[in-house]
Amino acid sequence: MNHRITQAFDVCIVGGGIVGTALAASLSSSPFTAHLKVALVEAGNLYSEPEIRPASFSNRVASVTPASMRLLNRIGAWDRIPADRKKAYTQMKVWDASGNGAIAFNAPMTHSASSIGWIIENDWLKSSLAQSLSSSVTVFNSSVVAGIESPAGSGSDWPVISVNSDKGNGPTIQLKSRLLVGADGVNSLVRKYAGIESIGWDYPQKAVAATLEIEGVEGNRNDVAYQRFLPTGPIALLPLAENKSSLVWSASPAIAAKLLSLSAEDFAIFVDVAFRNPIEDLTYLLSRIQPDGSLPKDLDLKAEAVWGQTRLETANTFKIGVPPSNTSLPRVVGVAEKSRAAFPLRFYLSDRYVSDHRVALVGDAAHTVHPLAGQGLNLGLLDVATLTNVIEEGVQAGADIGNIHTLQGYAAERFAPNLGMMMAIDSIGKLFRAESDPVVWARSFGLNLVNTLPGFKNLAMKAASTL
Amino acid sequence: MLISFQAASRHVSRRMAVPLVSQAVKFSVSAGAYSSVNADEVAKFAAASHEWWDPKGQFGMLHMMNPVRMKYIRDVFLKYSPAAGADPNVARPLEGKKVLDVGCGGGLLSESLRRLGATVTGIDASSENVAMATHHASLDPMLQENLAYRSITVENLLQEVGASHFDMVCSLEVIEHVNNQDVFIQNCMDLVKPEGLAVFSTINRTPTSYLLTILMAEHVLRWVPPGTHDHSTYVTPSELESFVRAAERSPHHPANCSLDIVDTRGIAYLPLENKWQVLDSSTVASKFPFGGDLDMNYVMTVVKRPFKESDAKPAETDIGAATMGLQRESLSGL
């Protein structure tokens, strides 16, 4: 028989991912909210160890903006990430494979930080945040939410969350909370409980991630992020260390499957082709991949790749598919073992972020975006910063922080900017998938225009990195 | 729209101030020592007691105003009470302090004061309101101790617990609903300990406030039911000041203390931003270029200050004096 104990909390956060743990840490580190009793419920292991072997990196990484860095710093988590696990990048080069649009961003333009951002493994972000939790946070580790109910009859409207420890096999514990925060991702249970609808779609794309070995980096600094838009989706190279970079290549599920089936050496060459060759080369070579992942014996992959790259550089009057000037793309020389994987890509938006039944949603539970702009996690951390602020002000006014009047302040501040960013990211994605000439020409023109006008570029950089 | 009302009313209020004020003076002087409870007003609010906590109900405006009032109370408490100088960055600055909420209604203010750490007594003449407040507080584990509601008048409470009992007495948006406003203020001030504070808020009796709180809010926009407010009972800052001065003559007032009005400022509703804001001089300049920040809701803080041996009677240093200058000059022979 289950022994039911009901514990009362001020804030119950369901979901111990980066965003949920950041919220718990943020509340526990602010003097105004440190006294609040916080519960953090995580189905997996909140304390899982991140990779510590030097030069060995997980394939799930995030680009962290200066605004997110400030939040992590305030929480005390930033310094818990070792220096060699957070790679600053000071330039970003973006260009179009099908047109000649190209744009380069440099860090000093942002005025607010010396870097555009940092590339950090997700595991390290989570771990540093988990270590920053103070004793005011009760962690329900490896605990699965069995159900959430509004208790009827008593008049109290505090939601009751039933949780089973030990990955769901343990006894049921009941928590009741003044404020219930859904940080439980795109399939949020809390969102369903609140009756908040989520609208959106799964992109007809997957993101292929891998950790790559690179060489030929200018000055060995590897502080430049690269992204090339292909019609099938963008491919991005994010620096991790002197000779290691993280790959995020968005492509159709069919292409993704083919890429995963290739041998490591062939995969490395395909990545190079995707960055350096005319777009027709990639299409052709992809079509030659056989069902078992091998290539026909008569195909010399390396030679094809080199020939194509030469063509791009020399026989290319209109500079189609050429990166911005002064770009020295690193060469991919290897793929870390077992680091290749494909992840689904989605666009989902919740129609509300808060409900008048003491619920607030943060992170992916509220909004899910395409990774092409590196914004997803950062939007979630901005949610955390705003919600913390709103709760702090509520505490200072002696308010019931689960009350809709308090929570509305959070929704009012985050809904529109998040939506704006989501629409922009989605639009950029659509724009660069198009292959018709007028569209390609227009977007090339647009990109190049923005590249040459410092005022526009400043604005764009500011918006993307200091949100 | 708000700005043009202000401009027009400033013009009008100069000419109308004298007749209005003298009317009010006659009213209060003849009131005598009766109870301050106005039975009709009590009944009116008692009937609405179940709506207190509905965020979309008729008290929605009060809910919106509450965080702003609380921030003000927190600020003046930290500034003017003996705890002044204490770290402003604590979650519960009223810890250990005894606070009285006069006219607590459904407990909106009392609950917030309790969450800031105070030991709160909330009183209301209506037993329905007290029942509502007690019930609502029972739903929150944080409010189970140090929060008590009583259906009792302020004069009876004074008789029961004696003078100089509370560190702070708050009566917000209540005085416009009581009879014998001078007696009411006197009783409130008597309950304040030396070095303690009283915070009062109400609506100023001006053409602007008639236009906005009666004509617009009650009849045109229907934000509150018609009859919620009675313009003739609104209190001007100078009247309130005079009630406070008169309270110094109470038999319960300690001879070694003076009642200092340390702060008077307007609280405005900004319709475009759908929020309330306590006004200070910088806001006045930017949002209300024609002045008159006390034309509508305003709040006043009074300190029961013991004389130090070196003191002569302290002069007024408050903002209220400067901004009330206009109304003061039309007062004669009070």
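Using the three backbone atoms N, Cα and C, a Cβ is placed for every residue, glycine included.
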Per TrEMBL, member of B:LEU172, B:LEU191, B:LEU197 binding S-adenosyl-L-methionine alongside B:ARG69, B:GLY103, B:ASP124: B:LEU172
Rounded distance in angstrom between the Cα atoms of B:GLY103 (S-adenosyl-L-methionine binding site) and B:GLU176 (Mg(2+) binding site): 11
Local Cβ density at B:GLY103 (S-adenosyl-L-methionine binding site) - other Cβ atoms counted within 10 Å: 25
Candidates B:ASP124, B:GLU173, B:GLU176: member of the binding-site residues with the richest Cβ shell (10 Å): B:ASP124
C-beta crowding around B:LEU172 (S-adenosyl-L-methionine binding site), within 10 angstroms: 26
Neighbouring C-beta atoms (10 Å sphere around the C-beta of B:HIS177 (Mg(2+) binding site)): 23
Same-chain residues at least 6 apart in sequence whose Cβ lies under 8 Å from B:ARG69 (S-adenosyl-L-methionine binding site): B:LEU109, B:LEU172, B:SER201, B:ILE267, B:VAL278, B:VAL299
In three-state DSSP terms, the structure that B:ARG69 (S-adenosyl-L-methionine binding site) belongs to: helix
Alpha-carbon distance [B:HIS177 (Mg(2+) binding site); B:ASP124 (S-adenosyl-L-methionine binding site)] in Å: 12
B:GLU176 (Mg(2+) binding site): secondary structure state under DSSP, collapsed to three categories: helix
